[in-house]
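Q: Before we start, here is the structure in question, set down as C-alpha cells.
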C-alpha cells in the first residue's frame, strides 16, 4: 500500500479488514466549540460526569414520511480511531485562547472513546422523526466531543440513502439506476459518499471508479459526446478490423456497418446522407474496442435521423461477427418519445434482420433526471431500462440537508430537557428505549419510546401509546410483534456487533421499507407514521417541562 | 507526520511546501466512461491526437449575474500528481470488460499530465457564463481523462465561493461572517471544502477545526446549549475561584455575579427567580475557563428573562476582576428584536455600571441564516455584529450545483462544435482567447472571446463585440484597459505561475468584485454582464454550425 492509498485509508485498519475510512475523519473534524466546552467542563471538574445524548432528526426529508438511517459503520470506525495526535494537540495549543492549563492538553492527548457506549438502530433501517437513531452514553466530555463528527457522518449518509431509496421506489424494481453525480457533488469526498449511500439506498451502480474500488460497488459507463465529436469522418478511422468472435478471422467492421446502414436507411426511412458520418466512425471505433460491451450515445447529432441509424448499423455489423451489442444512451430531448422511438426501431430491426435479441437492447436515459421526471415518464409511458442520475441525486436538491441534531437528555442520571418556543423543538428528556410495534400482517404500526426503567411492550398485550405533545392523541396498540430498536454497537472500546457488509445494508433497506404500509411511502401526501411515548414517559416529560419553563408575567 | 495525517495529505507534497491535497483526489476519482473512452481512443490509434477542451458554466448560480472562480490550485495539484498506481491498474483490469489489451494498461501506467497545457483565469476572479474558466490542451486521451476530476474540483469550490461572496455583499463589510456548516455538509470533505471556499469568498472564519489546521483559516466557537443545560443549579459549581487579572488574588466569581445579578434585576426589570440558576452556574463556569474570551449563548431558556440577565451579571463580575467579556450568541427567536434588546440592555448596563466597553459587546446570531434572512434583518434594523451560518451556506440550498461542463472544441487543429436543440447548449468551437474590456472608470464592460489567431483588442481602439447567437445584438466597445484573462498555469509538467495563498485569493475576490458595476451585483433582478465574441469568431461559429446541422425535412 503506497502513500496515496493511505490517503483515503487514514492509516486505520479495522480488525475486520474491511473498508478503510477517509483520513479526514479524525477528532479535529469538529466545531471548535466542542473543544472549548471540553475545556470548560474539565476546568469545572466535570471529568467524571456521565451523560446521555440522543442523535435524531425532526423531519423526514423530501416531503416524505420516512428516512433511511445510514452512516453507522463510519461512526463506529471514528470511535475506534478516536485519538488526538501530537500535531493536533500542538495545533490546539496555538488556536485555543491563551491561558489554557497545560494539564488539559495532556488530558486530551489521552482521551479515547473506550468509556463510551453507543446504541443504534441497525444501519439501513427506516427511521422516523424524534426517535433517536443513535444514543450515546459515557463521560460528558468525550460524548460532547463526538457530536459534530457523528452528525457529519450520519446526516448526509442518511439523506442520500433516503433519496436513493425514493428514486428506487418511483422507478420500480426492474429499472436499473446508476449514480452519475461525481462532477456535481460537494467536492471529492461528497462524491464518494454519494456513490456509497446511493448504492445503499437501492441504486445498482455508479460511474465513480474510486467508489467502485473503495466500496466494491459496480461501476458503469460508456462514452461522452466528446468521443463522438472527436471523429468527423470515416476517413479518420485508422483501425477498422476486428476478429470474428468464433472464427478469429479479421474482418472489416466498417464495411459491414456501411452495408447494414444502407439497408437500414430504407427500413427506418432516414437518409444516410443526413446522418453523421463522424458519429458512424466513432461508433465503429468504439465497437472495435468493446465488441462485447457496445453501448453508444445516440443523441450527439440527432437521435432519429442519425444516432439510431448508426447504432443499429454498427450493432448489426457486430452481430455478423458474433457479438451482441448492449444498447444505447440518450442524454437529451424528450426521453419518453425518444425511448419509445428507439424501442420501436429495435423491434423493426429485430424482425427485418432476424435478430430477436435486438428487442432487448438496453435503453439508458440520463438527462437531468429527478424523482418527478421519473414519475412523469411513468405516466407518459416510456421504454427506458436504466436511468443515469447525477445532480439531483447527489445534491438532494429538494432538501440538501437532513438536519440531524445531538441533544443532551441526561446527566449523572438526571434528565435534561431543552425547551423552545417551538414545541416541535422541545427535546424528549431522559435515557430512553425505542420499540417498533408490528401488526399481524407484518406492517410496522408505531414506534414507541419508553423510559429505560420500563418493561418492554409485550406481544398480545395492550399498550397505551401517547402523542408526545398533544394530550388528547392516544391509542391502545396490541402488537403482534415487538422489535427492540437499539443494539449496543460500541462498548468498552470495541465494536460489539458483526457489522453487515454494504450489500447487506442495501438489502436491509428494501426489507425494512417492505414493513412500511404503502400509504406512508407514496410520493403525494403520504400518511405520517406514528411515533409515540409511553404513558409513563409522557408524564415524566410534561412534569419536567413545567418544572423548567418559567411562568411568564403579562402587564 | 503520522499515518493519519497522510490521510488528508495524500502523500503528495508540492515543491512550494504548501497545503496538501485530500488523498481521494487521484486519477480514479472519475467516471468510468473516461477510461473506457481512453481505451477506445487508444485502440483507434488516437494516442497522438491533440485536443482542446473548454471548462465553463452556462448560468450563474443563485439568480445572480456573476460567479467566483475557485478550485484552480486543487486542479494544478491534481495534474502534478496524476499517475495511476499499480493497485489502480489492477483494479481497472478487474473492472473493465474482458479482452482489453494488456499494452493499454502499460500505457495507462506510464501516463502523466506532462504534455498537457492548462490555461486559466486567476482563481478568485469573477467569471461569467460561456467564458471558459479553464482551457486545456494536450494529448486527447489524457485531457479527456482529466474531465471529471477537474469538474469536481471546480464546481463546488466556485459555487461555494460565489455563495459566500453573496453573503458578504448583503451583510456589508463590517459584519463578521463565520461558517458553521460542517454537520450539514456532504460528508467530511464536503465540510472541509465548504470551510475553505467560504473563507475564499469573504467569510472571516469557520467553526471547523480541521479546516483551520489544514488551511490556516481562523476558527471560532464558544459553546452549545448542551453546555448550559449540563448545569441545573449553582450547587453544582465545583470551582468558583478565579485569579484577579492584575493582582493575581483568587476571588469567588459566583459571589460577584450573584451580587451584580441582584442589582441588574432592578435595572432590567427581570426577576432573578424567573431566570435560570443552571444557566448562571454554566456561565460562571465558562467564564472561569475563558475569562478573557467569555462569549455566552443566551437563548437556552429565555433571552430576555434569563440569558441577558445572567450574562450581564457574569460579565460585570469578570469586570470586577479585570477581565472584559466578548459578547453573546443568540441561536433562536426574532433576531432583529432580540439583538436590539440585547444592545439596549448592554447600553443600560454600560451607563449604570460605568463600563463603556459594554456598549461594544459582540452580538452573534446563528439560527438558520440565509441571504434573504440577512436582507430582511437589514430592512428591519438589527444590532448583530456577526452571523454564524451553516446549512444554507454549505448546501447552497438555492442552487446546490453550479453545472460546469467540459467540452471538446478542437482536435488536431480542427474545430469541433456540439450542437443541441437548445441554442444555449451549443458550444463555441475552436481554440479561443478571452479578454475583459474595461471602461475609463475601471469597471468591467464586457468579456470578449476571440480565435487565438486574432490580435488582442487594443486600448483606445474600437472593437466590434457580437452576441454569440443573436445576429442583431452587436456593440462597438472602445476599451480603456484590456485584460487578457488566461495565463498558462501548467505546462511541460510544471506549475508555471507563483500560486497565490488562500489569503491572496480571498483578497482577489473582493478586488475583482469591485470592478463589477453594482447593477450586476444587486440581489433583485441584476443586470446581466455581457459576454461577446469577435466578428471573426461569430462568423466562424455560424459557418461551422450550418455545416454540421442536418437540414430537416417536413412531410
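From the backbone N, Cα and C atoms, a Cβ is placed for every residue, glycine too.
As annotated by Swiss-Prot, nicotinate binding site applies to B:33, B:180, B:222, with the evidence given as similarity to another entry. Look at Swiss-Prot and you will find B:225 tagged as phosphohistidine, backed by similarity to another entry. According to Swiss-Prot, the feature 5-phospho-alpha-D-ribose 1-diphosphate binding site maps to B:391.
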Q: Closest of the recorded positions to residue B:391 (5-phospho-alpha-D-ribose 1-diphosphate binding site), Cα to Cα, picking from B:33, B:180, B:222, B:225?
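A: Answer for the nearest of the recorded positions: B:180.
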Q: Rounded to a whole number, what is the top Cα to Cα distance in Å among the residues the record ties to nicotinate, namely B:33, B:180, B:222?
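A: It comes out at 47 Å between the most distant Cα atoms.
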Q: Rank the binding-site residues B:222, B:391 by the number of other Cβ atoms within 10 Å of each Cβ, and give the residue at the low end.
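A: The binding-site residues B:222, B:391 were compared, and B:391 has the fewest Cβ atoms within 10 Å.
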Q: Reported as an integer number of Å, what is the Cα distance between the residue listed as 'phosphohistidine' and residue B:180 (nicotinate binding site)?
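A: Checking the Cα atoms of the residue listed as 'phosphohistidine' and residue B:180 (nicotinate binding site) gives a distance of 15 Å.
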Q: Going by DSSP, is residue B:391 (5-phospho-alpha-D-ribose 1-diphosphate binding site) sitting in a helix, a strand, or coil?
A: helix
Q: In the three-state scheme derived from DSSP, which category covers residue B:222 (nicotinate binding site)?
A: coil
Q: Residue B:180 (nicotinate binding site) has how many other Cβ neighbours within 10 Å of its own Cβ?
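A: Counting Cβ neighbours of residue B:180 (nicotinate binding site) within 10 Å gives 28.
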Q: Taking the recorded positions one at a time (B:33, B:225), which has its Cβ surrounded by the most other Cβ atoms within 10 Å?
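A: Sorting the candidates by Cβ neighbours within 10 Å, the top entry is B:33.
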Q: By the DSSP assignment reduced to helix, strand and coil, which category contains residue B:33 (nicotinate binding site)?
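A: Residue B:33 (nicotinate binding site) sits in a helix per DSSP.
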